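Some notes on the structure that comes next.
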Amino acid sequence: MLHPRARTMLLLSLPAVAIGIASSLILIVVMKIASVLQNLLWQRLPGTLGIAQDSPLWIIGVLTLTGIAVGLVIRFSQGHAGPDPACEPLIGAPVPPSALPGLIVALILGLAGGVSLGPEHPIMTVNIALAVAIGARLLPRVNRMEWTILASAGTIGALFGTPVAAALIFSQTLNGSSEVPLWDRLFAPLMAAAAGALTTGLFFHPHFSLPIAHYGQMEMTDILSGAIVAAIAIAAGMVAVWCLPRLHAMMHQMKNPVLVLGIGGFILGILGVIGGPVSLFKGLDEMQQMVANQAFSTSDYFLLAVIKLAALVVAAASGFRGGRIFPAVFVGVALGLMLHEHVPAVPAAITVSCAILGIVLVVTRDGWLSLFMAAVVVPNTTLLPLLCIVMLPAWLLLAGKPMMMVNRSKQQPPHDNV
C-alpha cells in the first residue's frame, strides 16, 4: 500500500499531466500559425510582388503595419489583450479568460511580423488563465495557486523541451518553511513540466545549443575572464533596464494603443533595416544564423547586440505582447561572439555562456534560469563549475538593482475609454 504522502502526491498527477499536455499543444498551435503567417509575410508575399524580403521599405512597412494591427487588437478586443508584459513578471496572476483571444491574436501578429519578443510571457498568461478557470470548475477544492504552479511548470517544460528548467525554478519558489518535503511539493509541477516537454518533443525539438568550439579544461584565468564578460553583459542589460520605464512612460503619454504601437513598429522597422533580417523576430533561429555566418566581424556582432537590445526595449515599451527572455539570449550570444572576436585568447564557450548568464540574469533576476539558459546554449559540462562561480559576482552586482519591468503604479489604465 502507498503511504498517505504518496497518495497525496498522486491526487494531482492526472490534472498535472493534462495541464502539461494542453500547455504544450497551445504553444505548438500558436507557433505553427505564427510560422505560416511569417512565411506569408516575409517569403511568399514579397516574392509575389517582386520585392526583396530584406528591402528597407518592406521591413519598415511590415513592422509598422504589425504595430498598427496589434494596436487595433489591444484597443478593440475584450480585455485589451491581457496585461502589458512590460509591467508583469513571467509568472503572474491569472487574467480573465475573455482577454485570451485578443492576447493570442496579438502574440501571433507580433511573432509573425518580426517583433523582437518571444512567446513565453503571453503563452504563460494564456495557460495559467485556462488552467485556473477550468480547474476551478472541475476541482473547486484545489486552490488557484496550485493551478497556477501546474500551468507555469507545464509551460516552462513545453517552451524549453525539458522539465529541468521547471525543477530549478520551482525548487526555490516552493521551498518554504512548510514541513512538507520539497520533492513532495515538486512532484505535480514536475509531472506537468515533463508532460509539456514530452508533448513538445513529439512535434519539434527546441534547438538552443550552438556549434561553439569545445571548452577543454577550466583554468583560474578563465574564471576572471568569465566574470568580466558577465559584468559587461550586466552593464549592457542595466542600460536597457534604465531605458525601459522611461520610454514606456513617454510612449504611453499618447494614450491611443494604435498610435503607440504603430510608432513602435516603425521604430522597430528602422532598427531592423540597420541590423538586417537577422536582428528581427524572437531571436532563437536568428542566433543560429548569426553563429553560422563566418563573415561577421567584431563590429557586426556589436551592432547586432546593440540593435537587438534596443529593439527589445522598444517592443516592450510600446506594449507588444511578448516575452523578453529569448531576445535577451540573442543579445548575450552576440555580445559573447563580439568579445571572443575582440580577445580571441578567451574561448568563445566562455564569452558566449557568461554573456548569456549576465544578460538573462538582468532580465529575469532568476539565477537558476540564467544558469540553465547559459548551459543549454553552450552545452559543455566543463563549463558548469565556471558558470556557478561566475554567478556569484554577477549576483552581487545586481543585488538591490531595479528589475527590467515598469513599475505597476506607473502603468497606464486600460484603453476602455480612449
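Glycine is no exception: its Cβ is also placed from the backbone N, Cα and C atoms.
As given in Swiss-Prot:
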type: TRANSMEM; residues: 10-30; note: transmembrane segment
type: TRANSMEM; residues: 54-74; note: transmembrane segment
type: TRANSMEM; residues: 99-119; note: transmembrane segment
type: TRANSMEM; residues: 120-140; note: transmembrane segment
type: TRANSMEM; residues: 149-169; note: transmembrane segment
type: TRANSMEM; residues: 186-206; note: transmembrane segment
type: TRANSMEM; residues: 223-243; note: transmembrane segment
type: TRANSMEM; residues: 258-278; note: transmembrane segment
type: TRANSMEM; residues: 300-320; note: transmembrane segment
type: TRANSMEM; residues: 322-342; note: transmembrane segment
type: TRANSMEM; residues: 343-363; note: transmembrane segment
type: TRANSMEM; residues: 371-391; note: transmembrane segment
Which bits of the chain, at least 6 residues beyond where the transmembrane segment (149-169) starts or stops, bring a Cβ under 8 A of a Cβ in it? 12, 15-16, 19-24, 27-28, 90-91, 119-120, 123-124, 127-128, 130-132, 135, 186, 188-190, 192-197, 199-201, 205-206, 208, 366, 368-369, 371-372, 376
The transmembrane segment (99-119) in contact with the transmembrane segment (343-363), cutoff 8 A, at least 3 CB pairs, sep 6+: no
When you scan the chain for residues with a C-beta under 8 Å from the transmembrane segment (186-206), skipping those not six or more beyond its ends, what do you find? 9, 12-13, 15-21, 23-25, 27-28, 146, 149-151, 153-163, 165-167, 170-171, 174, 284
Quickly jot the same-chain residues contacting the transmembrane segment (371-391) by Cβ under 8 Å, restricted to those at least six beyond its ends, or write none. 160, 162, 164-165, 168, 208-210, 212, 214-218, 222-223, 226-227, 230, 325, 329, 332-333, 349-350, 352-354, 356-357, 360-361
Beyond a gap of at least 6 residues from its ends, the CB atoms lying under 8 Å from the transmembrane segment (10-30) belong to 2, 104, 107-108, 111, 119, 123, 126-127, 130-131, 135, 138-139, 142, 146-147, 150-151, 153-155, 157-159, 187-189, 191-197, 199-200, 203-204
Which of 54-74, 120-140, 223-243, 258-278, 300-320 has the most Cβ pairs closer than 8 Å to the transmembrane segment (343-363)? 223-243
Find the member of 120-140, 223-243, 258-278, 300-320 that has more C-beta pairs under 8 Å to the transmembrane segment (54-74) than any other listed stretch. 258-278
Sequence-remote partners of the transmembrane segment (223-243) [C-beta within less than 8 Å, at least six residues beyond its ends]: 305, 309, 312-313, 317, 328, 331-332, 335-336, 339, 346, 350-351, 353-359, 361-363, 386-387, 389-391, 393-394, 397-398, 401-404
